[in-house]
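Colleague: First the structure, which I've put down as structure tokens, then a few questions once you've had a look.
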Amino acid sequence: MRKMLLASAAFFVAGAAAAVAAPSDGKVKIGILNDQSGVYADFGGKSSVEAAKMAVEDFGGSVLGVPVEIVDADHQNKPDIASNIARQWFDTNQVDAIMELTTSSVALAVQAIAKEKKKIDIVTGAATTELTGKQCSPYGFHWAYDTHALAVGTGGALVKQGGDSWFFLTADYAFGYSLEQQTSDFVKSNGGKVLGSVRHPLASTDYSSFLLQAQSSGAKVVGLANAGADTQNAIKQAAEFGITQGGQRLAALLFTLAEVHGLGLQAAQGLTLTEGFYWNRDEESRKFGERFLKRTGKMPNMIHAGTYSAVLQYLKAVQKAGTDETEAVAKVMHELPVDDVFGRGGTVGKNGRMIHDMYLLEVKKPAESKEPWDYYKVLATIPGKDAYIDPAKSGCDLVK
Amino acid sequence: MTMIFGVPLQALLGQLLIGLINGSFYALLSLGLAIIFGLLRMINFAHGAQYMLGAFTAYLLLTFAGIGYWPALILAPVIVGLLGTVVERLFLRRLYALDPLYGLLFTFGLALTLEGTFRYIYGASGQPYATPAALAGGTNLGFMFLPIYRGWVVVVSLVVCLATWFLIERTKLGAYLRAATENATLVQAFGVNVPVLLTFTYGLGVALAAFAGVLAAPVYQVSPLMGSNIIIVVFAVVVVGGMGSIMGSIITGYMLGIAEGLTKVFYPEASNIVVFVIMAIVLLIRPAGLFGREA
């Protein structure tokens, strides 16, 4: 009896969902969940929320005749806090999709919840390739960049430009190891060699010892497999110890415009890095950058532009699917080509990876910078198919 | 090349020198803490935030008033020190009679408020502050490339540490201060204004933190979190040196800086905890710290 009741209830719910064409609850709600107060607050933070709002406005403020709403919260880089917020958003606040999700541990936790609850998540802020690898989700997407793309960009491309011997300064935790590992692989497969590495504790303040070791290794490139303030401090002190003046090249494996700005060109000049977006790329990106600058006081990095693109693409998919029901939207998301200021000519793999071009960039010298935020020289464009793992080889079991 | 424990002698010398540089910051910061604790019996948890304030004051002076590094080296500690005296007058004074826990909680709250405010205004990734032109560049010592600024940090912090020690242990003012903490009522009876002395002491401790902050600005990123990154190590330094012992905290600051520097050569992963391992061992053997006066 009980089984029958359950079965009929399930039937009823399924039927009801299929019958509703328009968004179920009278609005489409997107949650931006990221670090708004900690070490990654400039990397994504409140500016990502603003980018999401810009996407909603550019889309017209409504989809399928119902308004689109952006909500946001600070996950403080803690997976448990993020999980609680995600559950609350999905269960009681009718949030349809969660995006941004800076910090890999948080992104993995929230993607697992979204998968369980059959909701969409689009990660722009986190780096791990696991999101579209072993832990992929049929409703999960990875949008702006990943450790593989960073490694290909900075590791592979730099070797081709003559930086064929490397020494790594690696943050002593999973993210640092995987970044070092993946980059080493590209350095080696391009004919370069790795002379050594040193593991530093997370959130060290002084890097001079490690830098001296890098200096005495004689490597042509010093790779910084760390993030945020760690990378900033390392770069600042490398300038002080004359690393770049001595002919060695500094390569930050995860570094964006926001951190370059915080460091200043004086200390950051000559640094090589990889991003998926640069505001001064062309007319379209400049226009987007100027609008973003007016609203936030800063130019967008790849996380901000990526979040804009993710929200826009999601709304396009809802429009095309004619509903905000997860399965239908996810299906369109996988098929619809991406074409906006961020992901030009982008495609989405079956594993949820958005494949788009990346840029190998060099930070300008103060004298070369012609206007505020004019920070990068584009050294090379890395085609999306080279930058990202082939979905078929990603280890994601959705790809057959 | 001469090798010691499998490490080239040159590299070792370089790391020793770097340890000494880091030790300078530890010494300056722990000195301020030790003075405040020793004379006020107050655990100043806001010390890291005040160090951060020093760096930010230097940055703000440069950005908004065009005042460079050299004047800031004096101005910033004075400004932050004065702010410290205001805090002491308005709040801390009311807590002296209570359990020390209250002071600890208050200063901890103050630190969180300060850091939160600056993070809200300036973001987490910090602000740039250039090395003054006169101290830019470096010299090759043969075994390492020494940035001139780092050399300056060692010299100036040594001078300031010794001067502070001299002030407290060898001058009349210092004698008053020490006497006031032993027996405030008696000292007051001799006509010494004890409350003003205490305010001065707190201001001095805070100014030392701010001074370290200005020194650190060109080396580390000027960021709201710079204080909380370093303050825990500094507390360990004070505990190892012996709470309240002024010379103890100076010597221990340099010593632990060097110990940390050496760890970075032999086993870099442990460099963050070596200070705490030493602290645990010292507490086991000498609970009052290496230079503690009371058991």
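Placed from the backbone N, Cα and C atoms, the Cβ positions cover glycine too.
Sharing the record's features from TrEMBL:
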TRANSMEM  B:12-39  transmembrane segment
TRANSMEM  B:51-68  transmembrane segment
TRANSMEM  B:74-92  transmembrane segment
TRANSMEM  B:101-122  transmembrane segment
TRANSMEM  B:149-168  transmembrane segment
TRANSMEM  B:200-220  transmembrane segment
TRANSMEM  B:232-259  transmembrane segment
TRANSMEM  B:265-285  transmembrane segment
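What's the neighbourhood like for these features in this structure?
Modeller: With a threshold of 8 Å between CB atoms, the same-chain residues lying at least 6 positions outside the transmembrane segment (B:12-39) that come near it are 4, 47, 51, 141, 143-144, 146, 150, 153-154, 157-158, 160-161, 164-165, 168, 177-178, 180-181, 198, 201-202, 204-209, 211-212, 215-216, 230-231, 233-235, 237-238, 241, 243-246, 248-250, 252-262, 264-265.
Beyond the ends of the transmembrane segment (B:51-68), by six or more residues, the same chain brings 29, 75-77, 79-80, 83, 114-115, 118, 122, 127, 129, 132, 209-214, 216-217, 220, 222-227, 230-231 to within a C-beta distance below 8 angstroms of the stretch.
Here the transmembrane segment (B:101-122) has long-range neighbours at 42-50, 52-53, 56, 87, 91-92, 95, 223-225, 227-228, meaning same-chain residues at least 6 beyond its ends whose C-beta is under 8 angstroms from one of its own.
Counting residues 6+ beyond its ends, the transmembrane segment (B:149-168) has Cβ neighbours under 8 Å at 18, 20-21, 24-25, 27-28, 31, 35, 131-132, 135-136, 174, 177-178, 204, 208, 211-212, 215, 218-219, 246-247, 250 in the same chain.
Packing against the transmembrane segment (B:232-259) from elsewhere in the chain are residues 16, 19-31, 33-35, 37-39, 47-48, 161-162, 164-165, 168-169, 274-276, 278-279, 282-283, 288-293: each is 6 or more residues past its ends and has a CB under 8 Å from a CB in it.
Residues 5, 7, 11-12, 15, 233, 236-237, 239-240, 256, 259 of the same chain sit 6 or more residues outside the transmembrane segment (B:265-285) yet have a Cβ under 8 Å from a Cβ within it.
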